[in-house]
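First up is the structure itself, then whatever we jot down about it.
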Amino acid sequence: MSGIIATYLIHDDSHNLEKKAEQIALGLTIGSWTHLPHLLQEQLKQHKGNVIHVEELAEHEHTNSYLRKKVKRGIIKIEYPLLNFSPDLPAILTTTFGKLSLDGEVKLIDLTFSDELKKHFPGPKFGIDGIRNLLQVHDRPLLMSIFKGMIGRNIGYLKTQLRDQAIGGVDIVKDDEILFENALTPLTKRIVSGKEVLQSVYETYGHKTLYAVNLTGRTFDLKENAKRAVQAGADILLFNVFAYGLDVLQSLAEDDEIPVPIMAHPAVSGAYSASKLYGVSSPLLLGKLLRYAGADFSLFPSPYGSVALEKEEALAISKYLTEDDAFFKKSFSVPSAGIHPGFVPFIVRDFGKDVVINAGGGIHGHPNGAQGGGKAFRTAIDATLQNKPLHEVDDINLHSALQIWGNPSYEVKL
């Protein structure tokens with residue numbers, strides 16, 4: 001294979017999956033085949049999409065009810081020749097799912113890139129090992145927290161929040177994705193002030209924390225803004241990838257003048273991936289494509305919290321981010337939303353140690369503030385790695401957290 005293989009979930013009311021697959025393969029490549037003269041067929045053969053797999057799935061009554069018709073469900077795979085497209089994500093996505101995405105009854109499940117095609121993508125600049133080296137933390141999950149309630153607040157409020165989270169033992173603190181450039185907390189001021197706070201905490205407590213600042217602005221201003229952030233001392237760039245596009249992420253990741261990790265936020269991605277019947281699968285969108293395009297971290301809904309993904313999907317995202325690949329470094333999985341200390345054993349059991357545990361309210365909502373919330377999580381992480389049940393840990397911060405949010409992991413064993 002020198003091109004790309006697309007895997008689709010299709011729904012066909014004519015009950016002929018093979019015919020539907022062939023129509024897609026032709027429609028996204030040469031347009032027609034059987035009516036072409038033999039000589040023209042020979043000339044266009046190397047450009048034709050080839051159906052390489054058709055698998056019928058069991059009938060699904062809920063799907064029939066939703067579509068208001070009886071359909072045959074199936075998984076199909078089509079190989080698209082590399083000759084047909086340039087080696088970039090806009091061309092690849094338009095080739096494999098462009099006008100087909102308007103069908104409303106087809107879901108792009110996966111894209112399998114040839115080795116030749118992979119060479120055109122950067123992958124993470126730092127990856128898991130590089131991030132761990134920055135923090136000098138190699139033996140446990142990382143802990144991340146979020147600034148909360150920053151809109152309309154000044155830089156002093158940001159510094160107080162950042163200090164409390166860092167003292168609590170948080171490894172990474174990230175901006176809220178809805179904090180944009182503003183007069184009260186402009187980009188470079190956040191970075192410079194944040195570095196002063198984090199250096200002070202490091203000198204006092206010996207704990208290193210990184211700050212992920214939100215990269216925002218018009219698309220053609222992003223590189224300049226990113227370079228300003230780097231010059232100001234930014235540790236990590238948070239980026240709302242799907243508000244801009246995967247190719248924009250790749251452009252940032254490939255720029256040698258932006259030598260910092262990039263954290264991909266999933267905002268807007270639900271518009272592409274939420275439906276089970278159409279769109280793009282979450283594992284492909286938030287896993288494989290983000291990693292290929294250069295994200296060092298990928299945030300996605302956890303299977304446990306307030307905006308939950310199905311566990312199978314969340315684990316598939318993580319698999320794409322962390323599986324061995326000779327072309328790409330591994331990206332950090334960041335299962336998010338509604339996470340509190342009682343979920344830590346679940347997260348470690350399901351995602352392993354190479355994961356970032358991301359909490360907002362689970363840290364800020366602690367009765368002892370963000371310092372207590374961070375310490376509760378760190379204690380829960382240590383106990384989990386020792387295979388010690390959380391309710392047996394003698395720690396006031398963890399005990400308070402479990403009283404407030406519960407201990408759903410009571411029986412979990414690694």
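Including glycine, each Cβ sits where the backbone N, Cα and C put it.
From a predicted model like this one, the values you see are computed outputs, not experimental measurements.
Sequence-distant neighbours of K99 (active site, proton acceptor) (same chain, six or more apart, CB under 8 Å from its CB) are G27, L28, listed in sequence order. If you look up Swiss-Prot, you'll see K99 marked as active site, proton acceptor, on the strength of sequence analysis.
Look at D175 (substrate binding site): DSSP puts it in coil. The annotation substrate binding site is assigned in Swiss-Prot to K148, K174, D175, D176, E177, H265, G338, G360, G361.
Long-range Cβ proximity for D176 (Mg(2+) binding site), meaning a same-chain Cβ under 8 A and a gap of 6 or more residues, is found for I146, F147, K148, M150, I151, N214. Feature annotation from Swiss-Prot assigns Mg(2+) binding site to K174, D176, E177.
Look at Swiss-Prot and you will find K174 tagged as N6-carboxylysine. Cβ neighbours of K174 (Mg(2+) binding site) (same chain, under 8 Å, six or more residues apart in sequence): M144, S145, I146, F147, Y211, A212, N214, I236, L238, M263.
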Residue with minimal Cβ packing [other Cβ atoms within 10 Å] among the binding-site residues D175, E177: E177
Set of same-chain residues at least 6 away whose C-beta sits under 8 angstroms from G361 (substrate binding site): K148, G338, H340
Chain-mates of K174, D176, E177 with C-beta within 8 Å of site centroid, Mg(2+): I146, F147, D175, I178, L179, A212, N214, L238, H265
Local Cβ density at G338 (substrate binding site) - other Cβ atoms counted within 10 Å: 17
